[in-house]
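Peer 1: Here you go, one structure.
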Amino acid sequence: MSGSSRSGPSRRPASPTSSTGSCPAPRRGDVVPASGQWVAFLVASFLFIQVPGPSLLFMLGRALTVSLREALLSVAGNASGLLTQAVLVAIGLGAVVAASATAYLAVKLIGAAYVVWLGVQAFRHRRDARLALSSDMRPPERARAALTTGFVVGVTNPKTVLFFIAFLPQFTSASAPAAPQVVLLGLVFASMALVSDSVWATLAGKARTWLARRPQRLDTLGAAGGVMMIGLGTTLLVAE
């Protein structure tokens, strides 16, 4: 009897302890990646963002062909496009693009054609770059158009979708749903890209303003920016 009375109490504490051990999953520390994963993610993201890619080259081209204000708005639009891609990856649409050759090709063609079109327009209107220095000569819808331009370029880059699919899940915690973590990581990545691209666009814009002291050089620079975007779009089109 005494042995059985000991075994009863010894089982009771064991059951609550085990059930409590399975409940604390929703802690804040489990909802987001661990600190070690954050450090690795931030370092890897910084290095990746600094490598000249479609977004950076596009922003440099914009800074050379339009005003600094419009280039920075395009940077903000591009960051919004990156965040949208992260959300799509989180809900599974990114995997569809990665798995479907037709979907991948469609997104690739749309994005590349749009960048080429922007480059052609910049080259055709290269002499208008002088007017971009006069803020009173800009159409009132330019800010919205600049945001939209950056967003379209960012959201239609299929290589970024594939990068997010392969990259973001590596830094998620297995103890919590992956989708919210992927969105959070995408938000951080887009914010880092926003800051970095803004710095590069500002530097390019300052160089453009310096060259504007001689309008002929500004025309040449505007044409160079257009050619850069045409080359970028062509590269995106033919790249595997």
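Counting begins at 1 with the first residue displayed.
Each Cβ is built from the backbone N, Cα and C atoms, and glycine gets one as well.
Dumping what TrEMBL says about this protein:
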| type | residues | note |
| --- | --- | --- |
| COMPBIAS | 1-22 | compositional bias 'Low complexity' |
| REGION | 1-26 | region 'Disordered' |
| TRANSMEM | 38-60 | transmembrane segment |
| TRANSMEM | 72-97 | transmembrane segment |
| TRANSMEM | 103-124 | transmembrane segment |
| TRANSMEM | 145-167 | transmembrane segment |
| TRANSMEM | 179-200 | transmembrane segment |
| TRANSMEM | 221-239 | transmembrane segment |
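How buried are these features, and what lies next to them?
Peer 2: Under 8 Å from some Cβ of the transmembrane segment (38-60) lie the Cβ atoms of residues 32, 71, 74-75, 78, 82, 115, 150, 153-154, 157, 159-160, 163, 167, 171, 185, 188-189, 192-193, 196-197, 200-201, 204, 225, 228-229, 232, 236, all in the same chain and six or more residues away from its ends.
Tertiary neighbourhood of the transmembrane segment (72-97): same-chain residues 55, 58-59, 62, 66, 103-104, 107, 143, 146-158, 160-162, 164-165, 168, 178-180, 182-183, 185-187, 189-191, 193-194, 197-198, 201-202, selected by CB-CB distance under 8 Å and a gap of 6+ residues from either end.
Away from its own ends, the transmembrane segment (103-124) comes close to residues 54, 58, 61, 65-66, 96-97, 149, 152-153, 156-158, 161, 222-223, 225-234, 236-237 of its chain (Cβ-Cβ under 8 Å, at least six residues beyond either end).
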